[in-house]
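Working notes for the structure below.
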Amino acid sequence: MGKNVVVLGTQWGDEGKGKIVDLLTEHATAVVRYQGGHNAGHTLVIDGEKTVLHLIPSGVLREGVQCLIGNGVVVAPDALLREIIKLEEKGIPVRERLRISPSCPLILSYHVALDQAREKARGEFKIGTTGRGIGPAYEDKVARRGLRIGDLFHRERFAAKLGELLDYHNFVLVNYYKEPAIDFQKTLDECMEYADLLKPLMLDVTAALHEMRRDGKDIMFEGAQGSLLDIDHGTYPYVTSSNTTAGGIATGSGFGPMYLDYILGITKAYTTRVGSGPFPTELFDDVGAFLAKRGHEFGATTGRARRCGWFDAVILRRAIEINSISGLCLTKLDVLDGLETINICVGYENEEGAVIDAPTDADSYLGLRPVYEQMPGWSESTLGAKTLEELPAAARAYIKRVEELVGAPIDIISTGPDRNETIVLRHPFG
């Protein structure tokens, strides 16, 4: 009987999901993306060679693994095709193994224009989006006016819908944001080119997943971004536009929650965030700079510097509950090597002096102060360790304390960027 495993982020994204998905796909028949778009950036390092993926599931680098994009993913055809070509130049037969749901909403040029115009208009109050049209595409979906990949294969119907959409969005772009209009004919011609290239990749992903389930195959679901960026459960409004939590699997792929066997939560040994929004443990001192430099904390998608801070057990406890986490993978432990002391946030103190749990919206974080528990650091290197016994005693104590504070076992520890630099204590597919 097969196992169905989920890998998702438990913080604000950039936790190191790509490496772990790649590691675990050795046991998987298929890897599935179920939400987000090309705002994700999953970095894989195999034998020292770095590959960054945005839309295509991380299983693409494992020979024979099928890669599926479910209906919950918003797809920018130009970005997808660029990614396919780049991988094919490395000798990876992407088109043989990649299949996409025709129900995926399309991201087109007017979505990008709207996204960037809004961020520009917000000025210092911008959300911090990637400017890639993700939010506007999801808005069109929810408003029931969006175009899907399947619409591309019906030219007349597609052209009529596109005309209506451009009338609507161009009115806003030109009259409200004072930006240039998007050209109808140019957009239509581009889309018809996409149609010819994408048609061979179409598949009823939901039906395929259930066929695999009945056949006893092992399936992995790959989350993008992190739980604290979830549109419903994140630090609203500084969130993404999709459900990044485990609930997004059912809606984004058609695979019901009762079929899931194990949910692996990826969490850094410290905390990072890209863009705007609350971040209680953020550091503005030498330690923050140390973490950023040692951890190479720059976004794989945008190149933006990530904000860095101490590990936050409060937000992780919330993420564990929301996602029904079975076990954790602690990544970038080696980045903490050399610190004399390490702080863990165990609570938030409000202006009245009361210690409270994680708020559910951004404004409620105002005035909160992190309550820290201090632990000894270690001077020895943890880089590349493959067993728990190889780690310094202080590092093992840190891991144990994190488990105690968050109420979940740490089943995997990542000690470096390469897939081999990993300690596996309990295998999700085991």
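Each Cβ is built from the backbone N, Cα and C atoms, and glycine gets one as well.
Taken straight from Swiss-Prot:
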BINDING   13-19, 41-43, Arg306, 332-334, 414-416  GTP binding site
BINDING   Asp14, Glu15, Gly16, Lys17, Asn39, Ala40, Gly41, His42, Thr130, Arg144, Gln225, Thr240, Arg304  IMP binding site
BINDING   Asp14, Gly41  Mg(2+) binding site
ACT_SITE  Asp14  active site, proton acceptor
ACT_SITE  His42  active site, proton donor
BINDING   Ala300, Thr301, Thr302, Gly303, Arg304, Ala305, Arg306  substrate binding site
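Here the features listed in Swiss-Prot are placed on the structure.
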{"residue": "Asp14", "record": "IMP binding site", "DSSP (3 states)": "coil"}
{"residue": "Asn39", "record": "IMP binding site", "DSSP (3 states)": "coil"}
{"residue": "Thr130", "record": "IMP binding site", "DSSP (3 states)": "coil"}
{"residue": "Gln225", "record": "IMP binding site", "DSSP (3 states)": "coil"}
{"residue": "Gly303", "record": "substrate binding site", "DSSP (3 states)": "coil"}
{"residue": "Thr415", "record": "GTP binding site", "DSSP (3 states)": "coil"}
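Most Cβ neighbours within 10 Å among the binding-site residues Asn39, Thr43, Thr415: this distinction goes to Asn39. Ranked by CA distance from Arg304 (IMP binding site), the binding-site residues Gly16, Lys19, Thr415 have Gly16 at the top as the closest. Neighbour counts of Cβ atoms within 10 Å were taken for the binding-site residues Ala305, Leu333; the minimum is at Ala305.
Between the CA atoms of Thr43 (GTP binding site) and Asp14 (IMP binding site) there is a gap of 9 Å. Put simply, of the binding-site residues Lys19, Gly303, Ala305, Leu333, the one whose Cα is nearest the Cα of Asn39 (IMP binding site) is Gly303. Residue annotation for IMP gives Asp14, Glu15, Gly16, Lys17, Asn39, Ala40, Gly41, His42, Thr130, Arg144, Gln225, Thr240, Arg304. The furthest Cα pair among them is separated by 34 Å. The two recorded residues Leu333 (GTP binding site) and Gln225 (IMP binding site) have their Cα atoms spaced 20 Å from each other.
When the neighbouring Cβ atoms lying within 10 Å are counted for each of the binding-site residues (Thr130, Gln225), the highest count belongs to Gln225. In sequence order, the recorded positions near Lys19 (GTP binding site) (Cα within 10 Å of its Cα) are His42, drawn from His42, Thr130, Gln225, Gly303, Ala305. Counting only the Cα atoms, the space from Gly16 (GTP binding site) to His42 (active site, proton donor) is about 7 angstrom. Across the fold, the C-alpha of Thr130 (IMP binding site) and the C-alpha of Gly13 (GTP binding site) stand 13 Å from each other. Within 10 Å of the Cα of Gly13 (GTP binding site), the following binding-site residues from the list Gln225, Gly303, Ala305 place their own Cα: Gln225. You'll find the Cα of Asp14 (IMP binding site) roughly 8 Å from the Cα of His42 (active site, proton donor). Neighbour counts were taken at the CB atom with a 10 A radius for the binding-site residues Lys19, Arg304; the maximum falls on Lys19. For Gly41 (IMP binding site), the count of additional Cβ atoms within 10 Å of its Cβ stands at 20 [all protein chains shown].
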